[in-house]
Amino acid sequence: MTNQKEKIGNGLCHVYLIILSVIAFFPLVWVLLCSVKSSGELTANPTRFLPKHFTLENFTHVIQDLGFAGNISNSLIIAISTTCIAIVVSSMAAYGIVRFFPKLGSIMSKVLVATYMFPPILLAIPYSMVMAKLGFVNTRVGLVIVYLSFSVPYAVWMLVGFFKTVPLGIEEAARVDGANKLQTFVRIVLPLVMPGIVATAIYTFINAWNEFLYSLILINSTDKMTVSVALKSLQGSEILNWGDMMAASALVVVPSVIFFMFIQNKIAGGMTDGAVK
Amino acid sequence: MKRKVKFDYARWIFVLPALLVVGILLVYPIFSSLYYSMTTKHLIKASYDFIGLENYKAVLSDSNFYKAFLTSILWTVGSLLGQLFIGFTAALAINRVKIGKGIYRTLMIIPWAFPSIVIALSWKWILNGVSGFLPNILVQLGISSELPQFLSDSSLVFLTLIFINVWFGAPMIMVNVLSALQTIPQDQYEAAQIDGASKFQQFWHITVPHIKVVVGLLVVLRTIWVFNNFDIIYLLTGGGPANATTTVPVYAYNMGWGTKLLGRSSAVTVLLLAFLLLVCLVYFTIIGKWEKEDK
Amino acid sequence: MRRKLAVLLVGTMIGSAMLAGCGQNGNTESKQTAAETGELKGDITFWHSFTQGPRLEVIQETADQFMKDNPDVNITIETFSWGDFYTKWTTGLASGNVPDMSTALPGHVVEMMDAEALVPLDDLIDDIGRDKFSKTALSEGEKDGTCYSLPLYSHAQVMWYRKDLLDAAGLEVPKTWDEFADAAKTLTKDGVYGCSFPCGSNDLMGTRFLNFYVRSGGGSLLTDDLKADLTSDLALDGIRYWLDIYENCSPKDSVNYAVLDQATLFYQGKTAFDFNSGFQIGGVETNSPDLVDQIDCAPLPKINADDPEYGAETSNIPMVVWENSEHPEICKEFIKKLYEKDTYIKFLEATPVGMLPSITGISDTPEYKENETVQKFSNAVDVITKTMDMGTAIGFEKGPSVQAGLLTSQGIIESMFQDIITNGTDVEKAAQTAEDKLNEVFSTVQ
């Protein structure tokens, strides 16, 4: 009896999960299918799945004529730089807060979460003025600096939780052996929280890679644009070509999806694990 | 040991870079925004005057601001409930089934990998009112007699946006809840079963207490994110039709870049920030209580 | 484990090194100015909105040639769609990050002049020949007797139609708005829409269409003292007219359409009528080559058949030089180059009939006339040229004004249409609300 019930329950779960999976991955499939159709076919047969004539012309157009590969490399450079700098700065800060400022720590964490609340729109104009003053207007450096402003607080907040899990005893043992603070940090503590650092790095990377508003406002040169803005400008170009837009979308989203599939075990829980512990 | 050192430079070196980043890049812009919100600052004109709280008065007496505020609340609450419900049930279902766990999780995580511009482009194309897949298939299947206008029909557009946001946000909830579920010791369930507790009782007395702090934090982070989110709405509908989807960030953007009243736009965002701080204060008090209960 | 950290650190360093490199070649502005000898030296940035295709190439070729002739000059070209361009220069002005020279829209120029962001161009205009330009076109960039912009090319909005569809239904080309509505309704069948009525709030299309109707009745969307006027009988009739077209002949999605969504439908043969300039030809050619022989244009419909001829919306696409520029002299020299006969004809030929000359002495040259498209669509050239001479930019019939620019840039009229369509708001009430809102926005610039 209970077994029967269990089976039905399991069956229902599968049905539910299959429906959700189809909804979740349909847009990706549709983007891919549309990216290899000619623009005539796109509008003539809106519900046809497989392309009548398989074509790669959308891709060649997007890559060769519109220089989309350059935009992808811009986004990569910016996201990777942001991630690396943010992780170094934040893991030091998180460790510092946990180990040397235990009382201030809880206040600091709250302040950090509060910074996450600032509406990006609020900061857009002040940022463009600060960048102008620093001479970083319309540069990738400028964009990285701006991205740091929201990635560092978030990363510190995530990392504080992970550093709290490191027992003080291990460090003291190292200290007795004559290691200074930095050596202890690098040799003893960092390896212990590596999984947390990886999770944080992934989150930082994703946020930087997906960012739209600031790169729209701060970057003016086509050759420095990130993929998000380059994609947006496709929408406003002189001919509305959905084939191009789908091909460009596929170029952006396929690597992301593959990346996600590989790292999914690492991000599981990463967002809140640290903060909870 | 620490007391022996009079002034410990090393410990400051650890936190200094982060303090600098936060200080320069957040404190300055926020104070300048606060200041602008009390001036007639215009986006493209050099001169401006200090006018005290006039901008706040103007914003708070604009009926469109309240409308945008209400839209923001509905958008946040609707998206969050949807994301939590789908994310939560999906996590429970995956936790329960024995085969295909990995496949389901991998497929369902896909939306998370979509940058907002790709979310906008792909859904705009799928829902396109003339050549979109979904409207056309609905007509072909006889479900609808004419092409449904998901992004321009005022009775559909808001639900469509929430659906897309749930589609995008649920995977994140699912992944986090799933990992929290896996930390619950299995023997607690076994013990409860022996005591004759029903499935629901097990869920309520074992599952919920174990994951409520995680879920609580997720709710805080998602609330902030959804409330502040500008890209998805701006790129999908631009706040239209007829302001039906104008949230506070979109309203602030239009104020700053459309009307170019930067001062007033700053006032809007400052109000937005104040509201978020208030909401999060409430959230944190609740979560703090939960954490104490746990200990 | 240490290795991981090392990798991380090296990564950081590489990252910052890459960035530093990018930063250096990013915004280097040389401080040299033109020597007394007249030799040009320096870097300029040129923003334009010809995002794709032959126009982009012609501009780039001209710049390359210019740099070859002036080895000390470097011209950096950036392209933005019109919509992004507006965000870019407004934000740019706020942070001091604007180009040296750019294209613009007439409505933008008034705002730019108002913000004192432009350099006077009278010397350049005199150099090219002031009498070659149309007076109205020059006046669009004039403030207190000084010209701040000059038109690069011109076009006007006319009515486009599908000959095959009209023939099949046994219809004449409509001359009045009533005939137009009847024809559009008749042709709405078999997956073709009679005419799409676009009113997406990110574009000026709703204002454009309403302006056609109001201008055809001799009215204006602005009063003489530059207030918005949406509640005149003529304007209300116009609003109701387009609502009727929307209800009966338009895809319902058009409530969110911007200019491209609208034009694309015609390019793909999904609409029978559309309103646009000669750009329609190039669009149809790329999207549906078979249909090129089936399209033509005619003057805009009138209210009564015996009303006088009129032109509703003429666009003279201007070029401006920015006050922030350190090398206005290079910009001016380069602009002059663009107006040289050969270059200019090559530029116009990039979108034949779409871009019509803004200076005299071009349209009657054999080089210009021998273009295939110009010959094939000679009727369209005539119709557009004639309409062009009678029209102005939207709202400019009361003289160039910031108000006219705001009329089109705020999406208020579009939101009004959306409000009526989606919420069923009463037309007069919606028009009054929109009028008040426009006047409120107008008051912010005084």
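Glycine residues also receive a Cβ, built from the backbone N, Cα and C atoms like all the rest.
Noted in TrEMBL for the protein shown:
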type	residues	note
DOMAIN	B:69-283	domain 'ABC transmembrane type-1'
TRANSMEM	B:12-31	transmembrane segment
TRANSMEM	B:73-94	transmembrane segment
TRANSMEM	B:106-126	transmembrane segment
TRANSMEM	B:156-181	transmembrane segment
TRANSMEM	B:202-226	transmembrane segment
TRANSMEM	B:232-253	transmembrane segment
TRANSMEM	B:265-286	transmembrane segment
Sequence-remote contacts (6 or more beyond its ends) of the transmembrane segment (B:73-94), Cβ cut-off under 8 Å? 101, 104-105, 108, 158, 161-163, 165-166, 169-178, 181, 215, 218-219, 222-223, 226-227, 233, 245, 247
Can the transmembrane segment (B:232-253) be said to touch the transmembrane segment (B:12-31) if we require at least 3 CB pairs below 8 Å and skip pairs under 6 apart in sequence? no
Check the transmembrane segment (B:265-286) against each of B:12-31, B:106-126, B:156-181, B:202-226 and return whichever range has the most CB pairs under 8 Å. B:202-226
Contacting positions for the transmembrane segment (B:156-181) when only residues 6+ beyond its ends and CB under 8 Å are counted: 71, 74-75, 78-79, 82-84, 86-88, 90-92, 94-95, 105, 108-112, 114, 119, 123, 127, 148-150, 207, 210-211, 214-215, 218, 222, 226, 229, 232-233, 236-237, 241, 244-245
Contact set, same chain, for the transmembrane segment (B:106-126): CB under 8 Å, 6 or more residues outside the stretch: 90, 132-134, 151, 164, 167-168, 170-172, 174-175, 231-232, 235-236
